[in-house]
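Q: Dropping a structure here in structure tokens format, bear with me for questions.
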Amino acid sequence: MARRPTSTSAAPADEDKPARSLGPLAMIWRLGANYPRQVTLALLALLTTSSATIAIPMRFKAIVDQAFGTGARVDDIAHAFEGLLAIVLVLGAATAVRFYCVSWLGERVVADLREKVQANLLRLPPSFFEANSPKEISSRMTSDTSLIEVVVGTTVSIALRNAITGIGGTIYLFFLAPRLTLELLVVIPLVIVPIATFGRRLKSASRTSQDRIADVGAKVAEVLGAMRVVQSFNQEAREAGRFAEVVEQTFAAARRRIAIRAVMTATVMVLVFGSITLLLWQGALGVARGTISGGTIAAFVVTAGLVAGAFGALTEVYGELLRGAGAASRLNELLNEKPAIAPPARPMALPAPPRGRIAFEKVTFRYPARPDLPAIMDFSLSVEPGETVAIVGPSGAGKSTVFQLAQRFYDPQAGTIKLDGVPLASADPAEIRNRMALVPQEAVLFAANARDNLRYGNWEASDEAIWEAARAANAEAFLRELPEGLDTFLGENGSRLSGGQRQRVAIARALLRQAPILLLDEATSALDAESERLVQDALDRLMASRTTLVIAHRLATVRQADRIVVMDGGRIVEDGTHEALSRAGGLYARLAALQFDDRAVAAQ
Ligand SMILES: Nc1ncnc2c1ncn2[C@@H]1O[C@H](COP(=O)(O)OP(=O)(O)OP(=O)(O)O)[C@@H](O)[C@H]1O
């Protein structure tokens, strides 16, 4: 049974919830480790850029001491500046390499992750998708993977780069002026902590502000959508008041954000420029005493700026890594979800050639989401090769469940289902489904061309075979009229075809599959008489020579069936031919009168 992963149940607000530890990021590391060349190159480039960054203030020292001194020689000046240019060139080139490699790794890891998650999702049975809505999963595939991309492509790089710059810079500062550095190390947290705190507050205030703006949008849409009702109930004044309330809340949120920003700007300016002034002041005293050179002071100030910036960036990074770890752990759940229905270790082979016999023996089944309610109770039904059995019954009787179990999307809690004598639980689900063709109630078409939609399930089918199936499914005429024939794109879910045409494409697809068992869920949607006849005609051809289980909604189908099985409350309550059951005057007779058209009543 699919477990509902705890963080999957997250409401949208929890969507990018951070993790408590960085542990889940190990998964990203494992994915990245598949690309050792890029990782090595990225690390080398990272080391080079960080070293070049520290080398710049080193050069500054030389420049100020050698090139700005009175009476400096032209050669010395050239030498000092050439050195700086060389560093800048190395820094530029290494930055480009680092950016390329690190971003490449970010995108590559995300691409691999998306492919792996999708491959695992494709193995999971329907029960998983009942507990985890497709919308939720697709948001994980986009927003969570984007978070991972940011972690690999930016955050980790920022963390490493700033750690190297911060540590390297501090060592250099000690080398330049040990006493001044000790003083600086006391000052740096005093500068960074208030800035970081304000930064966090500003972020949360900005988020609130954005939420309020979204509220305004929602309110406008709500009122615009209900304008007639608002006006006819004379509620204009009330709606104006309610809207003003939301707008004022937005303004209040914006004011809070602006106030925080104003104070933050002042704090940053005072702290940063104040510290620089104090440093220079100390430095000037040193220069006056002759204990320190002007170049040293210049290098010190620039390096101190770099070190403070580096530690400042590191305080941001941890939060981002935790958010990335949260995303990684959510994706990990999708990646490691084990399919509840898996092939047995040694699957029993189904007899070849297939016979097409399917038998339910005392089957009882409850859906995982409704463990209290048996959808199928003590259900026994044997369908012989070539036989057509129509299943009818009121809504909720368990008809579709029979199909789900036949394809082994779920395992029953009691009883056995056998395909050509082999219990489904002992066979490979892929082999079972290979022997079945499904025509669902609503034809499902893909956003692809007609050819691919038709041969979905039998990719080897030649164009001749496709046209033959189309002919048998009464789909040939309209397919021939498509502007680019079989290459014509059919639109999202085949939106460029009519309902009846879509059904006939689905029938042709089932025909092409050449499976011995047909599971047919008749469409209930009304078609015009001509379409109905064409579809019915196609179905008749499809059912001939195959074992067919059909959830019937049409009189023509039940009339033609060898047997009709009437279901109610998960059990079979009647069994017989249309004539016999109509005469019996039981549930079938009542259903037939209601469900089928007037002719059904007339036929009684
Ligand atoms: N995925 C599910 N999870 C939980 N309960 C389900 C699920 N699918 C169906 N059920 C329940 O199982 C019972 C049988 O449903 P089923 O879909 O087989 O009925 P049906 O005869 O096909 O109905 P209809 O003609 O309306 O399609 C119903 O009570 C239904 O509510």
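Glycine too: its Cβ is placed from the backbone N, Cα and C atoms.
Pulled these features from TrEMBL for this protein:
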- 41-323: domain 'ABC transmembrane type-1' (DOMAIN)
- 358-594: domain 'ABC transporter' (DOMAIN)
- 39-60: transmembrane segment (TRANSMEM)
- 80-101: transmembrane segment (TRANSMEM)
- 147-174: transmembrane segment (TRANSMEM)
- 180-199: transmembrane segment (TRANSMEM)
- 258-280: transmembrane segment (TRANSMEM)
- 292-314: transmembrane segment (TRANSMEM)
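Explain the structural surroundings of these features, please.
A: A Cβ distance under 8 Å defines the sequence-distant neighbours of the transmembrane segment (180-199), meaning residues of its chain 6+ beyond its ends; these are 170, 173-174, 260, 263-264, 267-268, 271-272, 275, 278-279, 282-283, 286, 300, 304, 307-308, 311-312, 315-316.
Outside the transmembrane segment (258-280) by six or more residues, the chain places 180, 184, 187, 190-191, 194-195, 198-199, 201-202, 205, 297, 300-301, 304-305, 308 with a CB less than 8 A from a CB of the stretch.
With a threshold of 8 Å between CB atoms, the same-chain residues lying at least 6 positions outside the transmembrane segment (292-314) that come near it are 53-54, 56-58, 60-66, 68, 158-159, 161-163, 165-166, 169-170, 172-173, 176-177, 180, 184, 188, 191-192, 195-196, 272, 275-276, 279-280, 283-284, 286.
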Q: For the transmembrane segment (39-60), give me same-chain residues lying six or more residues beyond its boundaries with a C-beta closer than 8 angstroms to one of its C-beta atoms, as numbers and ranges.
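A: Long-range Cβ neighbours of the transmembrane segment (39-60): 32-33, 80, 83-84, 87-88, 90-91, 94-95, 97-98, 101-102, 105, 157, 160-161, 164-165, 168-169, 172, 295, 298-300, 302-303, 306.
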